[in-house]
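Annotated features in TrEMBL:
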- 42-293: domain 'G-protein coupled receptors family 1 profile' (DOMAIN)
- 24-50: transmembrane segment (TRANSMEM)
- 62-88: transmembrane segment (TRANSMEM)
- 100-121: transmembrane segment (TRANSMEM)
- 142-164: transmembrane segment (TRANSMEM)
- 197-222: transmembrane segment (TRANSMEM)
- 243-264: transmembrane segment (TRANSMEM)
- 276-295: transmembrane segment (TRANSMEM)
Amino acid sequence: WEFNGSFHQPSAFLMMGIPGLEALHPWISIPFCALYLTALLGNCVILFIIRRTQSLHEPMYYFLSMLAVTDLGLALCTLPTTLGLFWFNVRRIGFDACLTQMYFIHILSFIESSVLLAMAFDRFIAISHPLRHPSILTKTTVLKIGLAIVLRGMVSLLPIPFLLKRLTYCGKTELSHSFCFHPDIMNLACADIKVNVFYGMIILLSTVGMDFIFIVLSYILIIRTVVSLTTREECLKALNTCVSHICAVLVFFIPMIGLSMIHRFGKNVPPLVNTLVAYTYLIIPPALNPVIYSIKSTHIREALLRALRRKRG
């Protein structure tokens, strides 16, 4: 323990793997390695294909590139501590290192939420106003949207590490996961955490909560437009362009909402459930998103096949 002014800070926290299954951590690491490998390779392939294929240089795929970069960041944020714990039983993480990891995990989560909203907006414009789509979402506009998304995440979460630093920690230093999460660190404090709870809730509702509401509104407008189309073939074709995005939204938001509810209201939820939801939230979307888009997007699939043929040739 280190004495800091008028309050105590632990020199480190202890991370937790999967409760009750500590003896099986080396075996459990195998599916985790597969998921991390899929996330890293899959998102790198998506970025490579989009960069090399001129026909994919349009808003939909620019936003997909942003999603792939965000997923790479999320995977790389949790990979060292998770595999370090499973392989070598390295449980200790320094206080400042923990706050840094937490900050980047939350920033990247907020960015992913915002990118999914931007993708929903792109689908709405493409289906409802196809002729105006190129003039509305120009390269400059897409770049501005990307910068705004990053700045919003960085600025809104900037006070969080400082709010955690001002707290007094005493006694318990064991985290619930193999990574650092704001509610998890906050609940280890033996001081008044009302400011942390209030600020965390406000930021979550005003960013991720608003993103989700606007995504739902976008799809309501898309469905209204699709219903007005004359033939069934046109309806199915329009909806088919949204399937990948809908899957990505569900894969990201369902575990995130579940984890937020558990941390705030699930005091009696078994630790194993809490842990599994947390891993689902942070590891499954980065691994599944490139798979979903590679399977459902004809353009991505064809570009990937062309690249493989060139390598064989």
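Residue numbers in this text run from 1 along the chain shown.
Glycine is no exception: its Cβ is also placed from the backbone N, Cα and C atoms.
TrEMBL entries are annotated by machine, without manual review.
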For the transmembrane segment (142-164), sequence-distant contacts whose Cβ falls under 8 Å of one of its Cβ atoms, 6 or more beyond its ends: 59, 62-63, 66, 99-100, 102-103, 106-108, 110-111, 114-115, 118, 182, 185-186, 189, 195-196, 199-200, 203, 206-207
Residues of the parent chain within Cβ reach of the transmembrane segment (24-50), under 8 Å, 6 or more residues beyond its termini: 17-18, 56-57, 61-62, 64-65, 68-69, 71-72, 74-76, 79, 82-83, 85-87, 89, 279, 283-284, 286-287, 289-291, 293-294, 300, 303-304, 307
For the transmembrane segment (62-88), sequence-distant contacts whose Cβ falls under 8 Å of one of its Cβ atoms, 6 or more beyond its ends: 15, 17, 25-26, 28-29, 32-33, 36, 39-40, 43-44, 46-47, 50-51, 101, 104-105, 108-109, 111-112, 115-116, 118-119, 122, 139, 142, 146, 149, 178-179, 248, 282-283, 285-287, 289-290, 293
Integer mean pLDDT for the domain 'G-protein coupled receptors family 1 profile' (42-293): 92
